[in-house]
Structures are given as structure tokens and as C-alpha cells.
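Here the structure is laid out as C-alpha cells; the discussion comes afterwards.
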Amino acid sequence: MATNKRTSSSSINDDSETKKFKTDDNLSTTSKESIPTFINENVTNKKLCEYGAACYRQKNPIHTAEYDHPPAREKSSTNESNKRLTPIEKIQQSEPYRFFLSTVYGISDNYNQINAISLKEILSPEHGQLVRSAQFNYMFDIEFLREQYPPEFRLKPLLIVHGDSRHDNHTIKTQCSPYPQIEICAARLDIPYGTHHTKMMFLLYETGLRIVIHTANLIQQDWKQKSQGIWISPICPKTNDNTNESKTNFKKDLIEYIERYRAKQLQFWQKTINEHDFSSINVHLISSTPGRHTGADMNKFGHLKLRQTLKAYLGLENEAQYNSAPIIGQFSSIGSLGPNANNWLSKEFLTSLKQLHSSSLDSPELKLIYPTVDNVRTSLEGYMAGGSLPYNMQNAMKQGWLVNYLHKWKADHRQRSRASPHIKTYLRATNDEYKELLWFLVTSANLSKAAWGVLEKNNTQLMIRSYEIGVLFIPKQFSQTTFSVSDSSSPSFPIPYDLPPVKYQSSDKPWVVDVAYKNQPDSHGNMWDPSD
């Protein structure tokens, strides 16, 4: 946990604020999130709540007796506009991509207006009269989630879909027990070390159905000072014709994904999806479901689904010129990838990422973006951000070769270099100038075999441990040849980070969660000691 250098002992925890930390991608590390102790000598001896005015526990008198909640200090900008967009305006402005980053507490407000949205804005009553909803996720704070819904929607039926484990079942049931309108669905995890890592929302309005696919856990810290990715569908109207499909087969792929849960609680949503017109959706669904997929199922999930979709839909002219076009992977966790790159990363996985219409023997450059220790130390959250980057020492020691691929997190053009990334993205540029993209994927899937799958039995089956979901943007579906990332072009694709990526220097080390960092304090004056 983070300890406060300015106190003689480790930081004092408020038990009501601490949560058991669950790591992404099957890592066994656990820690508690502590609240650093700060003293405002001019006003009070209360501790400073790290969530400030955004804290939803301000209604709790026990909490407010111990913590102060000052307003945010936002950085000023000479060219900052006073115009604040409404949720509806934000979605209209985001066309045609409808891809957002989460708003970040403490940065200039104008960087939270364009292509940025909060959870409350996603659930705003401006979008219509909500009938019921479903939330798929890995981590839940039910009280926090309820506070994000408008008061008039908090009694509407809500389905919580989570991973089926003894600890999760008990925790979720306890959290939901005061709310009879909340139903629980435990996703089966038939293969050891798998997780329910999907992050998705179904929002059923009187006017239609909206799908939201994103990268954030439904806990307060994931929506405060992290970089998260969010895709928001149009509101799809109800139809009497079940064949109203998108040109990307989004409805078919989504129903197939939902069917893999084999859960009666999801039958309503399968029927509802089938009854709505998805023809306005222009992204492809790329998902993973646990299992050993064989035959026709091999290409329906994981990295083989990505491979098959790129092969079928990319449709480039003179595609040979792109054989060496660079590929970027960006993520917040790293699994066990093997003793060398050829074990999985640069062979099996890269073969899917580099897929064009025709197979290529070339090996394009693969650049991987993962935060350095200094990225974490200097972030808005400080070392506490590292709790959501659960790359452990056991894996890091076995794959020292990976550092040759690694690049820093840097997002100056979105003012999010200090907003630690929990977003996961994969893309391919047209060339090393990085002014245009061949495709872009935002997903819950980190860099791991558990998430993407690994070929077995002489490449006749794909073994996937976890549930994951994401959306793939292909220029052809937007009547474009490539996506421009230049600010001068319209529409410019809202890339989350700076391009080209900056390679690790010799002094840079990847963040490893179960290592102590006591040489330099973080942005809050704290050290990191996971053994405390």
C-alpha cells in the first residue's frame, strides 16, 4: 500500500473506505487501498478525502466527521472555453465514432468536454426514460453505482453480471441485499484462473436500446483520475423485423456472446436485443468467452475473431504497401507470455494483429504501451494508481525480453499523461509517421493468453479463460479509406495517447505491483510498500 512519507508511521486507514483489491488477468496479488493522511492546518484536523467534492459518501456522517471534501482545483488554460456540453451534445459531437475517454478529476475542464464523458453523463435522464438496465463488470461498488443513476431511475430493474466465485458471490449478494430491484447473474468460469473481465452496459429506454462497451470497473476510483475508454451506441429503436442487422453483424455477434453465459437471467436481454434495429451500428464486436473452442467456433472469439474480421472487412487497395505498417498494443496488465516472444506474442498473437486480406510473411514492428514506474509515481493518483496495474514480479522475472517492446504512457494532447491508463487499445498505423490508422480496437482485454486465447492441439482449438469484450473500428464501415489522427482533418479519430509512442529509456522500468518503491515519493508524498 502507499505510505505517507510525511508521517512517522504508515498512513491511517479508514476501514469504511478500504476495499479488497482484485487484480486483473488472474494475478494473485492483493492489497488494500489506503487513504493518505493529510492535515489542513488552516481549517481543520480532518483528513483530506482523496475524492474531494466528488465523493459519494458525503451523506455518511461518520465519514464526514473524519474527512474534508474540498472542491477540485482545476488547472487553468488561457484558451479554455466556458462552454460546457450537455450529455446529449457530447454524444452528438462525438459522431461518427462515438468513442470517449472518461472525464478526469483535476485537469482543465475543456479536456473533459470534447470526446470525454462521465458515468453520470452516460446514465443521464437526458437520454430518455430508462425502463431497465444491465451492468456487466469485474468489480462492483453497488452503492457507488446506484449514486450514478439519476434518482428517478434508481428503483428501475437492474441486472448485475459478475464472475462466479465464492468470494464474489458473497460480496455481491451482501451489497445488493437492500435493493429488491437488483438481480444478480453469476457468469460461469469453467476454466481455472479465468475472470469475468467484460465491461458493458445494456440501457433499455422507452425509445430503444443502447449498448455501452468500456474499460472501467464500477468503483469510484476507476471513474475519477484514470484514463478509460468508452464506446456508446446509438439508441437502437424497436422493430418488428428481427433481421435489422448492422453491416458489421453486431447484433448476431452480441447475441452469440450472451448465449455463451447459459444464464436464464439473460434470456430477457437476448430477446430484447433481437427485437431492436442495430442497422445504425458501424463497429465490429470482438469478444472472448471461456472454453476450448473448436471447429467453426474457433473464429468466433478471442484473437482469431480479430484475425477473421480484419481478413474479411479491411478491404485495402494496394495492401502490400502496409505489410510492414507498425502495430501498437496498449494495456494495464500483462499475463504470463512465455520464455520468449516467439512463444505466443510475436508468432500467434501478432499473426492476428497483422492480418490483411491476404496473408503476409512480413513481421511489422510491434510497440507495446505500458506505464513505467515513473509514469505511476508522477500520476494524479500517485503510487495508488499502481494498484490497478497488476503486473507481478513472478511474471516479470520470467519475461525480461518484453522490455524491448515497451513504450511509456504519454497523452499530452488529451492532458492525460498523469491520468493512469486502465484503458486497453490495439491499433495499426499506415506507416511510421502515425498520421493515419488502418484500424483501432478498444477492449477490456489486456495482454494475456487468458484474455485473447492460445492455440492448442496442433492449432485445432483455441483455449480462452476469461470473458472480454471490445469494439473494432474499421475505416470501410465509416466510408473512409483510413482514419486520420490529425487535428486538422475532419473527422479526426480521437486517439487516446500521443503518437508516435516513446520507447523506454535504459533507466525506465515497467511498473510491477508487488515490489516496494521507496527511493522517491509520489505526487502525494507517499511511498509504495505492498507488504504493509
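The backbone N, Cα and C atoms fix where each Cβ goes, glycine too.
According to TrEMBL, the protein has these features:
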- His197: active site, nucleophile (ACT_SITE)
- His422: active site, proton donor/acceptor (ACT_SITE)
- Lys199, Lys424: substrate binding site (BINDING)
- 16-25: compositional bias 'Basic and acidic residues' (COMPBIAS)
- 65-83: compositional bias 'Basic and acidic residues' (COMPBIAS)
- 46-71: domain 'PBZ-type' (DOMAIN)
- 1-34: region 'Disordered' (REGION)
- 64-83: region 'Disordered' (REGION)
- Ser448: site 'Interaction with DNA' (SITE)
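Among the recorded positions His197, Lys199, Ser448, not one has its Cα within 10 Å of the Cα of His422 (active site, proton donor/acceptor). The residue listed as 'active site, proton donor/acceptor' is surrounded by 27 other CB atoms, counting those within 10 A of its CB over all protein chains shown. All chains included, 31 other C-beta atoms sit within 10 angstroms of the C-beta of the residue listed as 'active site, nucleophile'. When the Cα atoms are compared, Ser448 (site 'Interaction with DNA') and His197 (active site, nucleophile) turn out to be 12 Å apart. Looking only at the domain 'PBZ-type' (46-71), the predicted model's pLDDT averages out at 65. Spatially close to Lys424 (substrate binding site) yet at least six residues away along the chain are Thr215, Gly229, Gln330, Phe331, Ser332, Val442, Thr443, Ser444, Ala445, Asn446, Gly470, judged by Cβ distances under 8 angstroms.
Long-range Cβ proximity for Lys199 (substrate binding site), meaning a same-chain Cβ under 8 A and a gap of 6 or more residues, is found for Phe136, Asn137, Tyr138, Ile213, His214, Thr215, Ala216, Asn217, Ser444, Ile469.
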